[in-house]
Structure formats: structure tokens, C-alpha cells
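See structure below.
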Amino acid sequence: MNYYFTKGKPQLVNMKTPIYLVTQFQQLMDLMQNQYEVSCLELMQRSGKAACDFLVYRWPKVKKISIFCGRGDNGGQGYVLAQQAKKMGMVPTVWQVGHQMSMSKPPQMHKEVWYEMNSCHQQGIVLHTYSPDIDLGDPELIVDALFGVGLYGHVRPEIALLLQRLQQFTVPILAIEVPTGINASTGEIAGNALAATATITFLCMKLGLLINDGKIYSGEIAFDDLLAPEAIYQQVKGIEESSLLDSSTFFSKKIWYRNKTQKGWQLSIN
């Protein structure tokens with residue numbers, strides 16, 4: 001049972017969002033790029049812009065935001081968010097974790113991430129290299145763009161210390177795709193994890209956000225389908241939620257939806 005709030009009044013509607021494992025999500029991404037010819041850069045830009053849209057919708061008064069970017073695609077989404085935030089009048093501070101600004105593409109960094117990193121630089125957004133002893137200032141909101149679904153194994157000790165440091169802030173935390181330290185398929189903690197106030201996830205709902213520790217650490221969930229065609233969800237079937245999720249999984253869970261037919265966000269409380 002989903003309730004969507006329109007002008008403060010709940011309306012009962014019937015809407016299902018496909019739930020997927022990470023391996024299935026990767027199949028969807030491959031289809032988007034190879035069959036539907038949506039480039040990796042375009043997907044990164046769509047997701048980063050959607051994340052910024054949700055941030056503004058959810059916390060309209062926030063101005064100073066700190067974005068922690070890893071060197072993978074999740075970091076690229078964070079760089080896109082930073083650019084959008086600046087265009088919308090916010091003051092973004094970008095913290096590069098595990099890498100730094102470079103005029104040539106670093107090894108093991110995807111060209112799309114490097115492109116967005118340089119786009120930030122060209123737009124006058126200062127990129128700071130994170131270190132444990134650096135002053136993080138007083139942000140009004142923190143964006144977790146460190147790993148997303150790209151975390152394999154346990155969180156490294158230096159990242160665990162960063163997560164502990166960020167958790168001490170008393171400001172909202174928005175995670176992009178998946179909170180750092182949460183396994184996107186199992187919902188288990190990979191050694192250490194950052195509890196988010198809200199998580200925005202793309203293309204499909206990840207099972208790990210809804211079960212085990214993931215349903216706690218993800219906070220509210222926002223979902224954007226990145227303009228994916230409906231046919232893609234028939235080509236890669238999601239899991240049957242009834243076979244994997246107990247009846248209490250969605251209880252009091254706030255899930256914000258947006259798809260290609262909507263301009264705004266709708267709130268579902270199951």
C-alpha cells in the first residue's frame with residue numbers, strides 16, 4: 001500500500017518499483033548503454049542532476065554542502081551534483097578522497113569521472129584533497145559520493161575513520177546510490193558504514209537498501225529511473241519482493257519516487 005502526498009494530502013495509488021541485486025543492476029546499465037545508446041557520461045549526468053534536484057526538494061533552505069567524492073563513478077555523480085548545486089545558488093565544497101585534481105587522467109579513473117572533475121575545476125569549484133587532519137568546516141549538509149555500488153570487500157581503515165568523523169556531524173547526510181559501507185545486494189555492513197538521512201538510488205531499487213542493516217542506514221529513499229524505457233525492466237527481471245522481504249521491511253519507510261512522467265517527487269509510506 002503506497003501513499004503519495006500531493007499538496008499535503010495523501011492519495012492511495014498502486015505503484016511497484018522493481019527491486020534488483022547489484023548484478024542485475026549492472027545488466028540494466030549495460031542495456032542502457034549498449035542497446036538504448038545512453039552513454040556512461042549521460043547516465044552519470046542524469047543521476048547527479050537528479051540527486052541535486054532531490055537535495056533541493058528535500059532540504060530547500062540548505063546552502064553550504066560538502067560533497068565527498070571517491071575516484072569511481074559514484075564520485076563522478078558527486079562532481080555533477082556539485083556543478084548543479086552551484087548553478088542553483090548553493091556553495092558546494094568538494095572533498096576528493098583517495099585522489100586529487102589532475103590535468104591528465106589518473107590511472108584506473110574512468111574518463112567520465114575525470115571529465116566531470118575537470119568540469120568542476122573549470123566552473124570555479126575548489127577541489128580539496130581530503131586528509132585526516134584537515135578542517136572540514138561547518139557544512140549544512142553532507143553528500144556521500146564515495147563508493148555507491150562499487151564497494152567490494154570491507155571498508156579500508158582510512159575510509160572507516162572518515163566515516164566515523166562524518167557521522168559526528170549533526171547535519172543531514174545524503175548518500176548517492178548506497179550509503180558507503182552497505183552491501184547493495186545484502187544490506188550487510190562491510191566493516192563500517194555511514195548512516196544516511198536519505199539515500200537516492202537510480203534506475204532500480206537495490207535490495208540492500210531494504211533489508212538487514214541497509215534499511216536502517218539508508219534512511220529515507222529517493223528513486224529516479226533516469227528516463228529508462230519501461231521495456232528494460234522486462235528484459236532484466238527484478239526479484240520477487242514477497243520471497244525475500246518480510247512484511248515489516250517497508251513499515252514506516254519513506255520512499256520518494258520520480259520517473260520520466262513526473263516533474264516532482266512523490267512520497268510513499270508503506
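Cβ atoms here come from the backbone N, Cα and C positions, even for glycine.
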Swiss-Prot (6S)-NADPHX site partner of D73, N74, G75, G76, Q77, G148, V149, G150, L151, Y152, G153, H154, selected from E42, E177: E177
From D53, D144, D213, the one annotated by Swiss-Prot with N74, T180 for K(+): D144
Reduced DSSP assignment, D144 (K(+) binding site): strand
Neighbourhood of D144 (K(+) binding site) by C-beta distance under 8 A, where only residues 6 or more apart in the same chain count: F68, L166, I173, L174, A175, I176, P179, T180, L194, A196
Near-site residues: K(+), ref N74, D144, T180, CB cutoff 8 A to centroid: F68, G70, G78, A145, L146, F147, G148, A175, I176, E177, V178, P179, L194
Sparsest Cβ surroundings (other CB atoms within 10 Å) among the binding-site residues N74, Q77, T180: N74
